[in-house]
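Participant: What follows is a structure written as structure tokens; I'll ask about it next.
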Amino acid sequence: MKDLQKKSSVRRQITNEDDERYGEDSIHDLPRTIPNVNPYIRNSGFRPSYSSQIPSTRSLFNNYYNRSSANTVGNDTIDTDSVSYNGVAKFRRNSVDIPLQTHNRLEVRPIIDRQDYLWREIDALDDVKRQAQATELYDQFPPGFENKLMQLRQAHSKLLQVLRDRNAKIEEEQRREVAVATAAAMMTRTPSPTGKSVGDEATSNNMHSSSAIRNPNGPTVDPEEGKYIQELVNTIRELQ
């Protein structure tokens, strides 16, 4: 029994003949021709070229200098040597090469939500509504506005009627004067004691009478016309 256990505990070694008979064996047995390579093991043979040329102290110093150079202001007192990386042209880290942080820092606008825009629009609409209610523009005019309009219309109509009547009177007088002058011209020209004909005397009398009717100071305004004109002016001032 012990010999049987000893034989079963020993694992059988796979040979090339077993690889040829792989199809006949169990699928759980892998052929020994598959390379046993772990791809996750890092190959130490591939390294950057600058790691072998630059000591570790120099690389650590350069990393620290790169991080601290962003906040450097003014002249630097650190003495640095020229360093080359992978054939890149040599350069020297001086205070002149480092841009000074004299400008303002980057400012970010505050985040504005869509709800803020909606509140702004609501405030604008409230302002418009408040102004409209103050001036009473909704569905009605200010108190007494319609009555003032009716008074303005009535005063305007009466003034127009008075002006029409006045123009009619003036035209009637002008027609009468023209008729009298025409009748006097058609009369026979007979000598008069003054040495003038009758027609000339009649024409001169009509001209004197018409000139006497006119006001030498210019056209006069009828009191009724002045009343309606003043009423129009007062109503327009009240509407403003």
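Just so it is clear, glycine is given a Cβ too, placed from its N, Cα and C backbone atoms.
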Participant: Looking at S69, S84, S95, S210, which is the one Swiss-Prot tags with phosphoserine?
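Facilitator: Per Swiss-Prot, phosphoserine applies to S95.
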Participant: Could you check Swiss-Prot and say which of S59, S68, S209 is marked as phosphoserine?
Facilitator: S59
